[in-house]
Every structure is written in structure tokens, then in C-alpha cells.
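Engineer: I have a structure I would like to understand better, so I am pasting it below and will then ask my questions one at a time.
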Amino acid sequence: GDLGPFNPGLPVEVPVWLAINLKQRQKCRLIPPEWMDVGKLEEIRDQERKEDTFTPMPSPYYMELTKLLLNYASDNIPRADEIRTLVKDTWDTRMAKLRLSADSFVRQQEAHAKLDNLTLMEINTTGTFLTQALDHMYKLRTNLQPGESSHSQDF
């Protein structure tokens, strides 16, 4: 598509891929999103640690954006190392909650789960584990031994 013309020194909102491309060619300076601030990220991390459920994240792509912006434009982001640590802490907290939820889900032999406020990346990190666990639960419930079933849906 058509992009530009751009006026020097004036902020403009562009897709992330274009911003990174221009930054790599030293044609711009990136301005991080509002939520990519040490104070706001500390609040998000602390809230996530306090709650038993998953709290809403500032962006559905917070991990992806953080990684991209810190890899290609850390010189434009104040306190980049602290931001990296805070996002990683939040991610670790959420992954621990997700593992506990999955463990509880499997132990209680639930049939469905509610995954409010999870990002797609977070869901994808446990997708394989969860589908394998459900497949094993199915086999156990139907009293099948691995290898005996011709009806099993092994993927």
C-alpha cells in the first residue's frame, strides 16, 4: 500500500513492521507505546501477582511488541533493561498460573476451561501439553492402553 509522505520531526503512527524497517535504516526514532513504561509495568506485574485469575494485559501482543522493540530500538526506550525484566516477570507469573490452572484442570477431569485475558502466545505455549493431556485422559477414561486402540485419534 501507499505510505507517506512523512514529515521530518513529526510523530506518525505506522505499522510495527514499517517502524522497525525505518529504524534499521536509521530513518526514524521509535516512540514506545504508553504501557511500555517502568511504572505502568510494575503496576501490571504487581496486579498479576495479587490476583488468582489472569488480569487483562495492556496489549494482546505485549510479549511480541516488547521483544521486537527492545531488539531493534532499545536506544529509543528509556530504562529498556528494567522494562525487559518487568515484562519477563509478568510473563513468568502468568505462565506459572497457567501451569497451575492446567494441572487443576487435568486433576479435576474437567471437560472445558475458561481462558479469560490470555494472549494467543500464552495459549500457544501450553496448547500442545493440554491437548496431549486431554488425549491421555480420554484413553484412561475409556480404559484403553496405548497401542490397543484403533479408534484413538493420535495426532
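Any Cβ shown, glycine's included, is placed from N, Cα and C.
Checked TrEMBL, it gives:
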type	residues	note
DOMAIN	1-31	domain 'DNA replication complex GINS protein PSF2 N-terminal'
DOMAIN	35-139	domain 'GINS subunit'
Engineer: Give me the DSSP three-state residue breakdown of the domain 'DNA replication complex GINS protein PSF2 N-terminal' (1-31), ordered helix, strand, coil.
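Structural biologist: Going through the domain 'DNA replication complex GINS protein PSF2 N-terminal' (1-31) residue by residue, I get 9 helix, 0 strand, 22 coil.
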Engineer: May I have the DSSP-based helix, strand and coil counts for the residues of the domain 'GINS subunit' (35-139)?
Structural biologist: 76 helix, 0 strand, 29 coil
